[in-house]
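Student: Residues or ranges marked as transmembrane segment in TrEMBL: 12-28, 35-55, 61-78, 90-114, 161-187, 382-405, 411-434, 455-476, 482-505, 512-531, 551-569. Annotated domain 'YidE/YbjL duplication' per TrEMBL: 17-182, 394-563, in sequence order. If you look up TrEMBL, you'll see 313-379 marked as domain 'RCK C-terminal'.
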Amino acid sequence: MVLQLVLNTLKNPLITLFLTISIGYLLGKIKYKTFVLGGISGSLIIGVVIGQLNIMIPPEIGSLFFVLFIYAVGYQGGAQFFRSLNKSTILLLTSSTITCLLGLICVLAFAWIFQLDKGTAAGLGAGGLTQSAMIGSANNAIAAISSLPESIIHTMQANVAVGYAVCYIFGSFGPIILLATIFPLIMKWDIRKEAIKLATEQSDGSLDLEAGQFSAFSEYTTRAYRISHNSELLNRSVIEIYKAYEYKVVIENIIRDNQLLTITSETTLNTNDIVAITFYEDLDIQSIISNDDEITKPPQFNFIEEKRSFILTNKNLFNKTIQEIKTIIQNKNYYGVFLQKIIRSGQKLPISDNLKLRRGDEIVLVGKPEDLDKISNKIGTYISEALITDFIFFGLGMVLGYLLGLISFNIFGISITLGAGVGCLLSGLIFGWIRSVKPQFSNLPLGASNFIRDLGLAIFVASVGITAGPQAIIAIKEHGLTLFFLGIGVTIIPQVISFYISYYLLKIKNPIILLATIAGGRSANPGFAALLERAGNATPVIPFTSSYALANIWLTLWGPIIVALVTIIPN
């Protein structure tokens with residue numbers, strides 16, 4: 001009775017899908033050292049198990065959530081992708097492309113040698129190269145083969161999921177071993193020392209890094225002082241103090257004769273003035289106020305500060321370092337704001353004076369409202385409205401994606417259709433780039449895009465697992481152990497070859513940049529996490545981001561190409 005009630009409940013596809021995700025993400029918390037199974041893999045495994053109950057999930061559900069996922073991926077990487085197409089990153093992008101091409105060649109070679117069908121080969125690629133989006137692009141390509149009966153199409157789509165599940169674990173674990181251990185051991189690199197060296201080079205030697213530190217900017221604090229007769233700040237104007245200490249000291253409030261003053265750039269400090277000073281904690285404030293007395297906060301000091309985000313659109317600031325921007329903007333004016341955060345393509349960047357900013361970077365500033373008002377038009381577009389999704393452009397983006405997916409072309413006489421997945425990926429890239437150029441259009445907040453991306457992928461993978469369940473056991477019995485070892489080959493071979501090509505031919509000699517580029521080209525998030533941990537600072541982030549953005553596109557495109565080039569059809 002109870003069992004029948006459970007079975008009847010699970011016949012509701014939405015209940016089943018969300019239950020699969022819940023249990024799958026619980027399973028995904030399994031961790032061994034630096035390896036984490038992950039919620040997506042857990043959802044696929046649980047989906048396959050629940051799928052043994054022959055529960056039907058309408059294919060439209062999986063397709064819809066997949067294109068939402070892939071659009072969000074494209075949107076988040078759009079600005080970075082198009083900006084990466086320049087001379088300064090061409091070697092990193094070349095390395096990323098080589099890694100992806102080698103992965104495709106390995107998959108096609110193994111499929112030919114071991115007579116794998118279209119679905120199994122695509123699953124081998126998706127798992128061995130840890131690119132979940134390839135499942136969807138391959139499934140779409142398989143579904144578009146009108147000459148095959150529906151039963152064969154379902155079998156091949158199930159084989160995609162099985163191949164992914166069998167190959168994914170080592171696909172995730174392999175890069176951790178290679179990038180964080182094997183390559184550094186062979187090349188006799190000390191990752192931590194190399195990371196410190198790179199960080200120092202990037203900041204002109206101004207940083208003395210400890211573990212986990214990178215930025216010359218750190219957290220800031222506000223304190224109250226009484227100016228003495230021999231103070232270092234006495235008779236100096238606010239703008240003079242601001243420049244003298246490299247914009248790291250801000251005079252927030254001044255009380256003189258029990259009156260709160262209105263501060264301008266030319267306001268000077270007198271004896272017995274009570275001042276509220278905000279400064280970065282890495283600044284040696286004692287050397288500045290050693291002759292002044294720190295006091296408790298007076299009741300008049302109730303100033304309010306805000307945090308505001310801006311999209312960098314001022315052409316005069318493109319490709320300028322933070323130090324250059326501070327000089328340009330604040331040379332003749334006093335604004336009293338602090339740089340808190342820089343976000344590029346959803347990634348928080350390590351801040352140093354020599355970090356170059358690019359068009360479309362999100363800059364988070366902190367200061368008093370009146371100071372932020374003054375500086376806003378010198379930076380770019382204020383994005384307080386970023387909490388609201390621009391559904392006009394979101395809808396247009398999805399429509400464009402589906403239209404692009406209808407495009408078909410021939411390669412060596414083989415017809416290839418892009419499919420909705422690849423179409424929405426390209427559309428997302430375009431609209432993400434539009435957002436970076438014209439921030440008033442095509443807004444999809446980071447929180448919203450992350451939610452769409454994560455939920456879309458989770459629902460899609462869960463539906464794939466449930467649908468593939470009945471066929472999964474048969475496929476595992478037929479290809480299980482062989483497929484696992486083929487997955488090891490697909491994981492290791494491209495990384496090893498690309499590593500040596502990138503080092504000796506492309507001349508990417510810096511260990512951190514090289515390893516991060518290989519991680520990005522392999523779409524190896526766990527490997528990148530392990531490298532980041534070994535580095536002890538954020539130096540791998542920028543090279544990884546550039547190569548990862550391009551790799552996501554190539555690896556997603558490999559899905560329909562594998563389906564088109566592999567000729568074996570299961571019985």
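Placement of Cβ uses the backbone N, Cα and C atoms for every residue, glycine included.
Keep in mind that TrEMBL annotations are predicted by a computer and have not been checked by a curator.
What's the neighbourhood like for each of these?
Tutor: Tertiary neighbourhood of the transmembrane segment (35-55): same-chain residues 7, 10-11, 13, 16, 19-21, 23-29, 132, 161-162, 164-165, 168-169, 172-173, 176, 457-458, 461-470, 472-473, 526, selected by CB-CB distance under 8 Å and a gap of 6+ residues from either end.
Sequence-distant neighbours of the transmembrane segment (61-78) (same chain, 6+ residues past either end, Cβ-Cβ under 8 Å): 13, 17, 133, 136-137, 139-140, 345-346, 397-398, 401-402, 420-422, 424-436, 444, 446, 449-450, 452-457, 459-460, 463-464, 467, 548-549, 552-553, 556.
Residues 84, 120-121, 124-125, 128-129, 482, 486, 489-490, 493-495, 497-498, 501-502, 506-508, 513-514, 517-518, 520-522, 543, 546-548, 550-551, 554-555, 558, 561-562, 565-566, 568 of the same chain, all 6+ positions outside the transmembrane segment (90-114), place their C-beta atoms under 8 angstroms from a C-beta of that stretch.
Remote same-chain residues near the transmembrane segment (382-405) are listed as 67, 71, 75, 140, 308-311, 362, 376, 417-428, 430-431, 434, 439, 441-446, 448 (criterion: CB distance under 8 Å, separation of at least six residues from the stretch ends).
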Student: By a Cβ-Cβ criterion of under 8 Å, what residues six or more beyond either terminus of the transmembrane segment (482-505) are in contact with it?
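Tutor: For the transmembrane segment (482-505), the list is 91, 95, 98-100, 102-103, 106-107, 110, 114, 120, 124-125, 127-129, 162-163, 166-168, 170-171, 174-175, 178-179, 183, 514, 517-518, 521-522.
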Student: What stretch in 12-28, 512-531, 551-569 has the biggest tally of Cβ pairs under 8 Å against the transmembrane segment (161-187)?
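Tutor: Looking only at 12-28, 512-531, 551-569, the most contacts with the transmembrane segment (161-187) come from 512-531.
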Student: Going along the chain, which residues at least six beyond the ends of the transmembrane segment (512-531) come within the CB cut-off of under 8 Å?
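Tutor: Residues 34-36, 38, 92, 95-100, 103, 129-131, 172-176, 178-180, 183-184, 191, 194-195, 198, 494-495, 498-499, 502-503, 539-552, 555 contact the transmembrane segment (512-531) from elsewhere in the chain.
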